[in-house]
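First the structure, in the form of structure tokens, and then the observations on it.
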Amino acid sequence: MKLDKLTSKLNEAIYNAQASAEKLGNPEISEEHILKEVLSQPDGLVPLLISKLNLSPKSFLESTENALGKQPKVGGNTSADVGFSRSAVSLLKAADEVRKELKDEYLSTDHILLGLMKNGTGSLKTEFLKLGLEYHKLLKITLENRKGKTIMDDSPEGKTDALAKYAKNLNELAKQGKLDPVIGRDEEIRRTIQVLSRRTKNNPVLIGEPGVGKTAIVEGLANKIVQGEVPEGIKNKTLYTLDLGSMIAGAKYRGEFEDRLKALLDEVKSSDGEVILFIDEIHTLVGAGATEGALDASNMLKPMLARGELRCIGATTLKEYQKYIEKDAALERRFQPVYVKEPSVEETVTILRGLKGRYELHHGIRILDSALIAAATLSNRYISDRFLPDKAVDLIDEASSKMRIEIDSMPEELDRANKRIQSLKIEREALKKEQDTASKERLKTLERDLSEQEQNFQTLKARWDLEKSKIGRLKQIKEEIEKYKNLEAEAERRGEINRVAEIRYGKLVDLQKELESANEELKKQESASRLLKEEVSEEDIANIVSRWTGIPVSKMLQGERAKLLLMEDVLKTKVIGQDHALRLVSEAVQRSRAGIADPNRPIGTFLFLGPTGVGKTETAKALAEFLFDDVNAMTRIDMSEYMEAHSVARLIGAPPGYVGYDEGGQLTEAVRRRPYSLILFDEIEKANPEVFNIFLQILDEGRLTDGKGRNVDFKNTVIILTSNIGSEVLGSSEYTSEEKERLVEQRLKKHFKPEFLNRIDEVILFHSITDSVIHKIADIQLEGLRQKAKENGLDVSFTNELKDYVSKAGFDAEYGARPLKRLIQREVGNALSRYILDGKFTNGQNVTVDYRQGKVVVVV
């Protein structure tokens, strides 16, 4: 017997047996030690063979461990003396005899068990016989498992039953009802069957965008095969999906991955076309396992694919097909592309109706049909970087999951009552310590109040528990119906007509009646008095879309409607003297939120014109604060930074091959992250004329393609462009309003191309600030300063004399409101900062800022 011709698993078992003997203090390595290690190997051959005989490997392991416990033990250091016992040597010799009979090159773990059952003489063989293990049955299952192969190298474990180890049986999953139903997609499934039925190159590859349902088509094919709804050519075929991860995992040595793949391919080949292999993300095979001098997985597939020995279905995205498969012309010609297009909104609704039952069953809730329609339409409109039906299914799933969590959590009403009880109990404990009459009276009142609250809480809790149990019962009945439907389908496949009739016209009818009565019982409870909601509506879907994208698509609450109607008035408190501009901006936002605006264009695109300091940028800030409750919630792009033609790359991202390609553009990335936003392009006349070309598709169709070829959606943005063109005309008092408009229009046409101007919704002229509004602007600026002082613990008020002074001294018709801002900062701000730094004030102190004798002074 050659001990150098052992498989790696047997080598490992003998090494572990020696370590085990040393640890237990046994003087020798016995057959029990070896068998214990052989039976303990989780991915070994011996446990697999015992399982295939419908016996429990655990029972055999326990018997072996019991026998080990009876072994003699010695004290002291045994490591130097541990050798093989007679029984172990006999076992290895018996195993070697079996190896020779089976014409194997290497001694393996299955030979050990076969040797024991054939020539073993010890008590362990008797125990194993009692457990039902017989030599001839074991030999038969071993030969079946090998499929006519012999052990020619030291790692046979990875090559036996490769399909069971490295692939999943989709037919089995379909029989168990674990695959989701596939609705529609009949054309693609038919095309896949056509390609599979060819004599050679019968390998379809499903190509489509991520999330359009490529894997679902294969699952649909598995369902059709199981139901027998396929042509004769692929009837009774078994569909396996390759698990590349488990094939690569644990392949430590060079060539081990190739061995496993070869074994799997040989198994598929030897099935004589009975097995169809599905490889999801097939591009991962290109380059998989390739090291110096080794073939990659795709090259190992090529000969079998070309000869038609391997029926394979691949699935990959358009981008990856182009990047990996098309590069390799030899691999590409062996596959027949089947293009899977994105379904339309109507088709998506049909798909969702088919899946609805599965999601209702999983979450234990009901999904209204209006929610399915909303999921398809809203996801199509607002989630532009993903594809149907995946994004619509995700919306349904998340809305259902949110509702399930709400059912399982304590309702708000109950939670409030519980918190009230806790606070009353704390107060009661405090009052018990008081001795005065008032406290004792309060304690009596509190006890009554607490008793009422607890009673109310118990009533609410009983209602909640009842509603929960009713919803839970509904889920239970639905699960029962699903179970019996699967049993019915299985019985129908086996041809058990009586069983089918018993389930279809007996059990299922009873369960359906039970479901209807449970639904009626739940509906009887008035919706007003219900604590729990178990229906997913379109409003729930809209809320999820809003959470994902930040776009307010849910129905407007009364408060929001009132706020939008008052939008113009709110903006007027922030921007003074530009009422016409504020009205036009407010109307655009109101149209959008009411759903009247064109859905394929931005909410509003405005060109603000006017001299410096009249409130163009301030209007944009006020609008951002109104819409998003945050002044900084706008993307501001200063166009003076884009004076060169090449600087457009900074907006949309550098093209491939240039530095910064992976970083994306400043504009496109900002909008991708926040689709509902305000974008301010400040001082656009400073930019290079070439830069304006990218505005054309943004302003017209509400989209822009970035440097990576991705479409960025601008349909939910407000776009404001500001410019100083014609500011000298608008700031002049020489012209009438009509003349100003005409002159500004001429200058605009001179500076911008007609196609750019034609795409802007409104050109809004901001007029110079007059002395009549400067007082109001001064009030706003001083209020800002007062708020800053308040944060530092100083309560400031301003006298009318001071307001008159800053209004007069800060007014400049040419420069607008900015000189006023600078004056307030310089004179009033400096006076306050000196007062604070002197340390003269105490926290919360009231001070007045006044203008006296030509100076700004702080008066306590």
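Here, residue 1 is simply the first one shown, and the rest follow in order.
Even glycines carry a Cβ here, placed using N, Cα and C.
Copied over from Swiss-Prot, here are the features:
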| type | residues | note |
| --- | --- | --- |
| BINDING | GLY208, GLU209, PRO210, GLY211, VAL212, GLY213, LYS214, THR215 | ATP 1 binding site |
| BINDING | GLY610, PRO611, THR612, GLY613, VAL614, GLY615, LYS616, THR617 | ATP 2 binding site |
| COILED | 393-527 | coiled coil |
| DOMAIN | 3-148 | domain 'Clp R' |
| REGION | 161-342 | region 'NBD1' |
| REGION | 343-550 | region 'Linker' |
Expressed in Å to no decimal places, the gap between the Cα atoms of LYS214 (ATP 1 binding site) and GLY615 (ATP 2 binding site) is 54
Give the three-state DSSP assignment (helix, strand or coil) for THR617 (ATP 2 binding site).
helix
Hey, for the ATP 1 site built from GLY208, GLU209, PRO210, GLY211, VAL212, GLY213, LYS214, THR215, who else sits with CB inside 8 A of the CB center?
ALA216, THR317, VAL340, GLU342, PHE387, ASP390
Where's the emptiest Cβ shell within 10 Å among the binding-site residues LYS214, LYS616?
LYS214
Starting from the Cβ of VAL212 (ATP 1 binding site), draw a 10 Å sphere and report how many other Cβ atoms land inside it.
22
PRO611 (ATP 2 binding site): tally of other CB atoms within 10 A of its CB:
22
Of GLY610, VAL614, GLY615, LYS616, THR617, which is closest to PRO210 (ATP 1 binding site) if I measure between C-alpha atoms? They're all binding-site residues.
THR617
Integer Å value for the Cα distance linking GLY615 (ATP 2 binding site) with GLY211 (ATP 1 binding site) is 47
In angstrom units, rounded to an integer, how far apart are the Cα atoms of THR612 (ATP 2 binding site) and THR215 (ATP 1 binding site)?
59
I'm trying to understand the geometry here, so how far is the Cα atom of VAL614 (ATP 2 binding site) from the Cα atom of GLU209 (ATP 1 binding site), in Å to the nearest whole number?
49
Please name which of the binding-site residues listed here, GLY208, GLU209, GLY213, THR215, is nearest in space to GLY610 (ATP 2 binding site), Cα against Cα.
GLU209
Rank the binding-site residues GLY208, PRO210, GLY213, GLY613, GLY615 by the number of other Cβ atoms within 10 Å of each Cβ and report the first-ranked residue.
GLY213
Which value does the mean pLDDT take for the region 'Linker' (343-550) in this predicted structure?
78
